[in-house]
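So the structure is just underneath, and the comments pick up after that.
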Amino acid sequence: MGPYLSQPNKNKTTTSGEGKSIIFAASEMQGWRNTMEDAHIHVCDLQQDLSIFGVFDGHGGKEVAQFVEKHFIEELQKNKNFKDQKFEDALRETFLKMDELLLTPEGQKEIIQIKGGDDEASYAGCTANVALFHKNVLYVANAGDSRSVLCRNNTNYDMSVDHKPDNYEEKSRIERAGGFVSDGRVNGNLNLSRALGDLEYKRDSKLRSNEQLIIALPDIKKVELNQTDKFLLMGCDGVFETLDHQDLLKFINQKLGNQQITPQLLGRVAEDLLDNLIAPDTSAGTGCDNMTTLIIYLKGK
């Protein structure tokens, strides 16, 4: 059996909500893929003036993405730097904490449960793209190739950069760790250079966590929001492979028009976006992945 269904599963799971300064919608669709391996988080007003959203695109199985979806916010809230409002350090440490938890006996047991009782070794991993809004500041932490794009002055302001093995710095680290890059893949296998999970690439005891073939360490971008910032678009790579960033923002803006922004409207727009991106067939290769998108609208901007 190949990676694709004979017909796409266009059923969507959509959630929307509203907080003090944010209206959001999240929608996910399995699409052409045999399985759904995406996960995401969305919490408005986790604390006063603080909201958090995230996309986790699984590979090699759904289990790591679902594990991170379950534990990320809980671990972030426990983090001392989070309590001290040192959000960049808190996000960085929480990304790394996910790998630590996966290595514990409890973590391994939970992975088996997510897999439906299959106790064979898991080779799964996931990307992580997490947006934290605090007052008028946005932090985006990224490991992998899920993305966040800010609609600023009606143009795209990219909040993350893909981590691909062909990137010079990433490739240099992979080679220092004893690996190689072939056809844009680490050791000819994984087409990401940073991810959560993928523990078989992180087992060299002589190397630190940020020196392994694959690392969970995120890049973090911080920006002060202003009156020209309208919304943040987040998504797994399947959302970004068909249209460029500017065209994606244009699609959303046209759908929003001059209507009053409500959670229900954003939910419909998110679903329309996925319907627009899915391929009519699998011949081209793009538009055939699982798709998850979040649209986070900034009130008063």
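Glycine residues also receive a Cβ, built from the backbone N, Cα and C atoms like all the rest.
These features come from Swiss-Prot:
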- 1-18: compositional bias 'Polar residues' (COMPBIAS)
- 1-20: region 'Disordered' (REGION)
- 23-298: domain 'PPM-type phosphatase' (DOMAIN)
- Asp57, Asp237, Asp289: Mn(2+) 2 binding site (BINDING)
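If you draw a 10 Å sphere around the CB of Asp289 (Mn(2+) 2 binding site), it holds 26 other CB atoms from the protein chains shown. Among the listed binding-site residues, namely Asp57, Asp237, the Cβ with the most fellow Cβ atoms inside 10 Å is that of Asp57. Apart from Asp57, Asp237, Asp289, the Mn(2+) 2 site neighbourhood in this chain, defined by C-beta within 8 angstroms of the site C-beta centre, holds Asp38, Thr127, Asp145, Ser146, Cys236, Gly238, Val239, Glu241, Asn290, Met291. The DSSP breakdown of the region 'Disordered' (1-20) into helical (H, G, I), extended (E, B) and coil residues amounts to 0 helix, 15 strand, 5 coil.
Summed and averaged per residue, pLDDT over the domain 'PPM-type phosphatase' (23-298) gives 95. A strand conformation is recorded for Asp57 (Mn(2+) 2 binding site) in the three-state DSSP classification.
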